[in-house]
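Written out below as structure tokens is the structure these notes cover.
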Amino acid sequence: MGHDTKLEELAIKLFSIDAVKMGEFTTKSGIKTPVYFDLRVIVSYPEVMEMISNLLQEYAIKDCAYDHVCGVPYTALPIATLLSVITKKSMLMRRKETKSYGTKKSIEGHYKAGQTCLIIEDVVTSGSSVLETVKDLRKEGLKVNKAVIILDREQGGSANLLNNDVEITSLFTMTSLIEILYKNRKITEEMMLKVKAYIKETQAVVLEPSVDRLLLPYEKRAELATNQIAKQLFNIMATKKTNLCLSVDLTSVTSILDLLEKVGEHICMVKTHVDIIEDFNKDFVTQLKQIADRFNFLILEDRKYADIGHTVSMQYMKGVYKVGEWADCVTAHSLPGDGVLKALNGHMNSVSRGVFLLAEMSSEGNLISPEYKDATVAMAVKYPDLITGFVCQNKDTFKDPGLIQLTPGVQLESSKDSLGQVYNTPEKVILENGADVIVVGRGIVAAKSPETQVVIYKDALWKCYTKRVSGKLE
Ligand SMILES: O=c1ccn([C@@H]2O[C@H](COP(=O)(O)O)[C@@H](O)[C@H]2O)c(=O)[nH]1
């Protein structure tokens, strides 16, 4: 049987097992699509797994020289396993989350720096999942320049990957697959044309930055930021050499102002919860702003807005606190939909303001799922002038180097409090998890001498950041 016939047979098979679906779907990045590929189902069909691995071997990887194969987690793992067995090449496995115990390795298997690894992936859209795996393998000294893919959605992935020195070969493009299905009367002409029109519309996907945000210094990232507060914050960090945001969770005006007088020179931002202050008054805000100006730090009110847009609009500007009048930036949940962002955006007239969207939380048992996190990041894309960054815990949450990863739940030792707060160390949050601005509350505020402790934190956090941007990670 010829190669084209085998591909045709596979395309029809994928359609019959519902790995290719027609209708109206929303992708991980929030784009509407008339066709959806769910190749996770292939594990239930050994004959399909066999067809795919044979075709990849005969067609895509026959002439490649490589020492290992590595599947992009998770759908491609069984295919990589089969290919490893067929080709008698060793397999490497990338962990999505590094272990906090034992070897702490992100790549499992035996390998040597300088060896070559071939990537296996099921579907490529922007290429970002392939890139995450490529980066982890390259960190180990492995050479990675080639990926073989079952389906290329033709939405910028191959260009993004080439931009990062990775060439791809795919069994199908979305166009070739759809043409086979039409030729074999599995879909109507109308559906085929709809998919082709969709491919044309979405082909101009923005190039993934070839630059890794984690390796870029703050001053460079300031140039890439579109939100004015993100720009300011990057510049403050670079100038003052501090990425410490102090969470002043104290309940009286004088305790907050006195503390800020002592520690202001060491922080890039202060984070408040104004609704816990028992003697809040307008004068507090005036003094807070004066101290912030004098020591050159920003003010983040951690209000975590989470209501319908109309209510958020009033909560932001009205009531006792009138947050919009004095806070440089605020936090908000994406849960109610982007009405929250529309409301906050409506108040950004002449003043620079920003929003940190909560994409993840530090507390144990929180209900945020990977899908919710991705949808939060997709929501932010529509508000480039408003979004300062994300409150999150992981480096893979977003890629844009102009946005800021704000990470709470940090103390010098890993621990937990009695109400579910989880603390990670500066090394873990900056070097492993990608934090840009680090929120510390009780680690400093509850210390015997906050003015001594603030310097200890500032130095530890800055040391990790300089190590990260120097690229000298062990
Ligand atoms: O996921 C989140 C989001 C916000 N916070 C806030 O940060 C500080 C942390 O204070 P610690 O004393 O260092 O625990 C606090 O104001 C939280 O409301 C968070 O912890 N986790």
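The count begins at 1 with the first shown residue.
Here the Cβ of each residue, glycine as well, is placed from N, Cα and C on the backbone.
Predicted, not measured: the structure shown is a model, and the values here were computed from it.
Features of the protein shown, as given by TrEMBL:
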type: DOMAIN; residues: 243-457; note: domain 'Orotidine 5'-phosphate decarboxylase'
type: BINDING; residues: Asp249, Lys271, Ser362, Gln421, Gly441, Arg442; note: substrate binding site
type: ACT_SITE; residues: Asp302; note: active site, for OMPdecase activity
type: ACT_SITE; residues: Lys304; note: active site, for OMPdecase activity
type: ACT_SITE; residues: Asp307; note: active site, for OMPdecase activity
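Among the recorded positions Lys304, Asp307, Gln421, residues whose Cβ is positioned under 6 Å from ligand 1 are identified as Gln421. Ranking the recorded positions Lys271, Lys304, Arg442 by C-beta neighbours within 10 Å puts Lys271 at the top. Nearest Cα neighbour of Lys304 (active site, for OMPdecase activity) among the listed binding-site residues (Lys271, Ser362, Gln421, Arg442): Lys271. In the three-state DSSP scheme, Asp302 (active site, for OMPdecase activity) is classed as strand. When other Cβ atoms within 10 Å of the Cβ of Asp249 (substrate binding site) are tallied across all protein chains shown, the result is 16.
Spanning the residues Asp249, Lys271, Ser362, Gln421, Gly441, Arg442 that the record associates with binding substrate, the maximal Cα-Cα distance equals 17 Å. Distance from the CA of Ser362 (substrate binding site) to the CA of Asp307 (active site, for OMPdecase activity) is 21 Å. Asp302 (active site, for OMPdecase activity): 22 other CB atoms within 10 A of its CB, across all protein chains. When Cβ atoms from all protein chains are considered, those within 10 Å of Ser362 (substrate binding site) total 19, not counting its own. Cα separation, Lys271 (substrate binding site) to Asp302 (active site, for OMPdecase activity), rounded: 6 Å.
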